[in-house]
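Asker: This is the structure I have questions about; it appears just below.
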Amino acid sequence: MMDSKRRNFLKSAAMAAAGSMVAGNTGLPVVQADEGVSDLPDADGLSWNKAPCRFCGTGCHVQVGVEDGRVVAVAGDKAADVNKGLLCVKGYHVGGILYGKDRLTKPLLRKDGQLTEIEWDEAIEIIAKRIFDSPDTFAFYGSGQWTIPEGYAAQKFMKGGLGNNHIDPNARLCMASAVTGFLATYGVDEPAGCYQDLDECNVLITWGNNPAEMHPVLFSRVTDRRSRGENIRIIDIGTRRTRTTDAANDYLEMKPHGDVAISLGIMHLLIENDNYDKSFVEKHCNFRGAEEVTPTLQGEQISEDEFRKRIAKYTPEYVEELSGVAADDIRMLADLFGNRDIRITSLWCMGMNQHTMGTAVNSLVHGVHLLSGHFGRPGDSPTSLTGQPSACGTVREVGTLAHALPGGRVVAKPEHRQQCEGFWNLKPGSINEVPGYHTVKMFDQFTKSTDDGGDITTLLVQVTNPGQTLPNLNALFNDKKSLEDKFLIVSDVYPTATTALADLILPAAMWVEKNGMFGNSERRTQQWFKMVDPPGEARDDTWMTIAIAHKLFEMGYQGMKDKDGEFIFAVKDEDGKEIPVWEFDRYYDTNVDKHLFEEYRQFTTMKHKNLAPYDEYVKARGLRWPVVEQEDGSWRETRFRFSAFDDPFVKEGQEFDFYHSSSSDGRAQIWFHEYAPPPEMPDDEYPMWLCTGRVLEHWHTGTMTRRLAPLNRAMPTAYVEMHMEDAKAANIRQGEVVTIQSRRGVCELPVWVDGRGRPPRGTVFVPFFDETKLINNVTLEAHDPFSKQPDYKKCAVRVVKKTAAKVSS
Amino acid sequence: MNRLTTIFLSLVIAIAVIGYFVGIGDGVPQPDGLYESALLDRELARTAASDAKLIPAVSYAEIANTPMGPTKSWQAMPQTLPGADYDLYTKIEPSEAEKEASSKLRASRRAFNGAPPVIPHPVEKTTDAACYACHSNGVKMAGLKASVMSHQFLGNCMQCHAPMAPAPFQNVDANVETNFVGLPAPRQGKRAYQGAPPTIPHSQWMRENCSACHGGPHGWAGMESTHPWRTNCTQCHAPSAVLDQAIPVMNEVPMLPPLDVVVN
Amino acid sequence: MPISGLVVTFGSSVAEHADSIESIAAIPEIDLGESAGSKLAIVVDSETKRRDQEIWNTVQQLPGVIDLAVAMVAFDETAETNKLDSIRNET
């Protein structure tokens, strides 16, 4: 007979196991209809329409199934070149983001600490009055999730209407170093290649990048080639093992900042082995280094000999010492780049951008590709990925940054200001020449009291959640709470960490509740139409901007009038009669997006980022700029910029032409930057590296994905990934809640030992999606000198058991 | 106090025991009898000595000189290959009740019809090979059924199929408050007349392999094809343009203008 | 001598299936555990695997039950090594 004691144990274990499946999250309740929904969908009257996915910068197209005014299904769009009918787990469930029960549906004003419902008219008036009273201390914080017309309207309102350059987007935290890297190298922003490179490369190198989780549709475009029998070598260079590592042939584990040394090491060997592409370099490249006294993005030209001299010390052995990657592996990489018969594509995203040497490392990796000639042929491409759906389209192209103007222009250049004043029909001198505050500075000034020189008093935030995403929240955001005279206005769809401190909350329409346009990572501009009504009184962000502008216009604010005294956002019908689009019930009398886009399109030809007319985008699943009209009247997109075989702007007779070269000679710049250590390194007091990032199931701050049942069940909480030995040494158990402490703040998180990602000893990783566990209380605000982008990927922390933390405090 | 300690300790032990079983099974609950298949038991029951089919083990040194290959008794006997356990021509009478139950279970794993199903069991290994081991051809074992993939081979399974919460976070409250109501599971296709082949009531995209659900040994009860030997399904069953993005959906069918017939 | 922790899933809330739950409770080898929503946890402690399989089939066929999932299985190896009680295929 079975030992009865053991049997009882087994029975209780079995009961615990079964019970956990009942009480836990594995139960999938049958979808219950809300009381508001009288008719359940039955596929009768179902209609499908195209839209780009709301989430990342990949830019997949989805087919949205709408029935009785509600989104009921989503499918991958088979006609879309980006995703060819596939999506990721977020994309398949994107329809649900509209239907969280706590959607904001009414403007809310904080009165005596209490949020009270108010009418839209009152809300717009409050905002307009604050701006009217003090236009220079107003700032607008936007987003790479702004649609192109939203960003364009905000840009024109601020820089044209108010003559105020304090407009910056969250993409400053995400893409700024990629921008400066492109500008420093090619003289013009955005990638030369496109996703076709992924179909043609023989070697894929991921630099501090985990596309298997963050850009899964692009990554499986490569791994699916492999399962069809093609031979592709994937080399993962990273600071921790990830799902990308699982698919990689080689994993090179580097120390934080090792990427700088590795790229220098590859260039050193290419020169030493004399197998760099001499003809390409001779015809198409210059060498460039930073100025000694005040380094600028422009840098100064150096000779090839000088370049050789400076790079000489980056021998494989020295690089091994700096990066932790074995000298032989550096040689392996250099040999690959030295082989012109293979095609190499590099992929990177936040690992190289959220970096205090972000501009430098972006430039260096471009330099590796240029020096080796692995550039400009399909499959040979340095490819920077974006994290937001329109970081390229809205932020980089419309230029919603503190120093920029639309179409690659900058406020500092008089001729650029004049051109914009011309397009906008403004009085000369309307645009301010001094760049405004970049993100970190903007929030620093907003959360500092006016007496201490905090000269931003009113801040309008649209389509983003800085209360969760800014670094070092205790320094840059949380102080708002105690500042009575600072006024925070937040337009959002759900309550967030940012609305928690807002004085005025504006309920916004999202995604297919409004018309929109996005621009993805491969220069592809995408369009969609409104398909369903927003809930309650939620309204379009573009409308909010226009309504505020019109209220100022009514109050007599001069900047809201153009040279001829007309409202700067005037939209006229065919008979020349003005349509009052600032009244929301008249907003959809016309397609405001189309009016704004056609106006914006004029700006795009200067930097050869030509866009097609709006109606062309209605027909297409996005088009990659430059889109040029053909003789037969059709519009042709461009896949490979600067390469004669595809780019219509390359000079006749040239194989490659960098026609916006910063040296004005059609050449790209190969940069040298000296390695520098990270600003904060682990020490006795804070002995661990902290890296932050994302997970497959959640997108950014999780305000959308954490309201989707299948995704939130799959990843219900943020956690800290830890190496087994580190956990053992600190006597920390699986799942135990610990405190992560840095010099700036603390965050409590459950431990996942050897979790989905596996950091090496001495490193911990925390995803930032969970608004109940704000890891950005811990991160560092140190940033790149050129791009002003903070480094979220490395700072020093300690992991403390909670019991011990209580004793010590 | 003492009782609390006991409860606490027994909980710890219970968790340890679960951990042990989960651990040895790579996180997948082991169905009863997994290691005791009838085949194995019978094999072991025979004594090795009396079985001419067993080849005695030899030392490494002897391998080179030992004849390998079919044994004498095997060669002497006419062999029949094991028959498929699935008979294509069994008469199938799908039951409405089973179909209803299957539909409900399938629906419970999808946010809407057409969404990739979530993974209804714990997973530790997330490599493609781990998923393919069961889901490429399907497995049915002790009441558990691994469905056959209805689409072509695609890598990175978890790109589309959301897993259950990771082991350490299974008890975190992951409830979501939502008003989303998805497209329901299809009931049946339309028939032009009684006896006509029904149309396909769902999109075919990512469901190219009809027999994954509608036939084969691992299809869904109540949804089986009554004629699994016919393999060119769309020869008779028309796909749905509305659901399938196959052709642009238009409000009216474009036709040539009527013939210009002169009437005297 | 298998002991298994199972999760019974009903087509709707557990409360609506009192009859089936009564039938489950009536099986002497079964202990009822907690329930939530449409799910009910049970533990089956039976003498033989054949009996375990019978109980499985019985529960699965009860009205309203749409799924039966295994949470954990344990069995005493020594008790049954000599028995050749093969598990039948589910056909």
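All positions are counted from 1 along the displayed chain.
Every residue, even glycine, has its Cβ placed from backbone N, Cα and C.
Pulled these from TrEMBL:
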- A:1-23: signal peptide (SIGNAL)
- A:46-102: domain '4Fe-4S Mo/W bis-MGD-type' (DOMAIN)
- A:CYS53, A:CYS56, A:CYS60, A:CYS88: [4Fe-4S] cluster binding site (BINDING)
- A:LYS90, A:GLN145, A:ASN170, A:CYS174, A:MET350, A:GLN354, A:ASN465, A:491-492, A:LYS514, A:ASP541, A:692-701, A:ASN776, A:LYS793: Mo-bis(molybdopterin guanine dinucleotide) binding site (BINDING)
- A:PHE768: substrate binding site (BINDING)
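For the listed features, I'd like the structural context: burial, neighbours, distances.
Answerer: DSSP states for the domain '4Fe-4S Mo/W bis-MGD-type' (A:46-102), grouped as helix (H, G, I), strand (E, B) and coil, give 10 helix, 21 strand, 26 coil.
Counting every protein chain shown, the number of other Cβ atoms lying within 10 Å of the Cβ of A:CYS60 ([4Fe-4S] cluster binding site) is 29.
Taking a C-beta cut-off of under 8 Å and a sequence gap of six or more, A:GLY693 (Mo-bis(molybdopterin guanine dinucleotide) binding site) has these contacts in its own chain: A:ASN210, A:MET214, A:MET350, A:PHE765, A:PRO767, A:PHE768, A:TYR792, A:LYS793.
Cβ contacts within 10 Å of A:PHE768 (substrate binding site), excluding its own Cβ and spanning all protein chains shown: 23.
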Asker: Far apart in sequence but close in space: which same-chain residues, 6 or more away, have a Cβ under 8 Å from A:TRP699 (Mo-bis(molybdopterin guanine dinucleotide) binding site)?
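Answerer: Sequence-distant Cβ neighbours: A:PHE55, A:CYS56, A:LYS90, A:THR705, A:PHE769.
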Asker: Using A:LEU696 (Mo-bis(molybdopterin guanine dinucleotide) binding site) as the reference point, find which of the binding-site residues A:CYS53, A:CYS60, A:CYS88 has the shortest Cα-to-Cα distance to it.
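Answerer: Closest by Cα distance to A:LEU696 (Mo-bis(molybdopterin guanine dinucleotide) binding site) among the binding-site residues A:CYS53, A:CYS60, A:CYS88: A:CYS88.
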Asker: When you average the Cβ positions of A:CYS53, A:CYS56, A:CYS60, A:CYS88 for the [4Fe-4S] cluster site, which other residues in that chain have a Cβ within 8 Å of that mean position?
Answerer: A:PHE55, A:THR58, A:GLY59, A:ASN83, A:LEU87, A:LYS90, A:GLY91, A:VAL94, A:PRO216, A:VAL217
Asker: Hey, which of our binding-site residues A:TRP699, A:PHE768, A:ASN776 end up with a Cβ under 8 Å from chain B?
Answerer: none
Asker: Where the distance is taken from Cα to Cα, which of the binding-site residues A:CYS53, A:CYS60, A:CYS88 turns out closest to A:LYS514 (Mo-bis(molybdopterin guanine dinucleotide) binding site)?
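Answerer: Result for A:LYS514 (Mo-bis(molybdopterin guanine dinucleotide) binding site): the nearest of the binding-site residues is A:CYS53.
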Asker: Taking just the CA atoms, what is the gap between A:CYS60 ([4Fe-4S] cluster binding site) and A:ASN776 (Mo-bis(molybdopterin guanine dinucleotide) binding site) in Å?
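Answerer: Rounded to a whole number, the Cα-Cα distance is 29 Å.
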Asker: Taking every protein chain shown into account, which of the binding-site residues A:CYS56, A:CYS88, A:LEU696 has the largest tally of Cβ atoms within 10 Å of its Cβ?
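Answerer: Top count of Cβ atoms within 10 Å goes to A:CYS88.
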Asker: For A:CYS53 ([4Fe-4S] cluster binding site), what is the tally of other C-beta atoms lying within 10 angstroms of its C-beta?
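Answerer: Looking across every protein chain shown, the total is 30.
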Asker: Which residues in the same chain, at least 6 apart in sequence, have a Cβ under 8 Å from the Cβ of A:ASN465 (Mo-bis(molybdopterin guanine dinucleotide) binding site)?
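Answerer: The answer is A:ASP492, A:THR496, A:ALA497, A:THR498, A:HIS700, A:THR701, A:THR703.
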Asker: Measuring Cα to Cα, how far is A:CYS174 (Mo-bis(molybdopterin guanine dinucleotide) binding site) from A:CYS88 ([4Fe-4S] cluster binding site) in Å?
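Answerer: Just about 21 Å between their Cα atoms.
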Asker: Which of the three DSSP-derived classes (helix, strand, coil) applies to A:TRP699 (Mo-bis(molybdopterin guanine dinucleotide) binding site)?
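Answerer: Coil, per DSSP.
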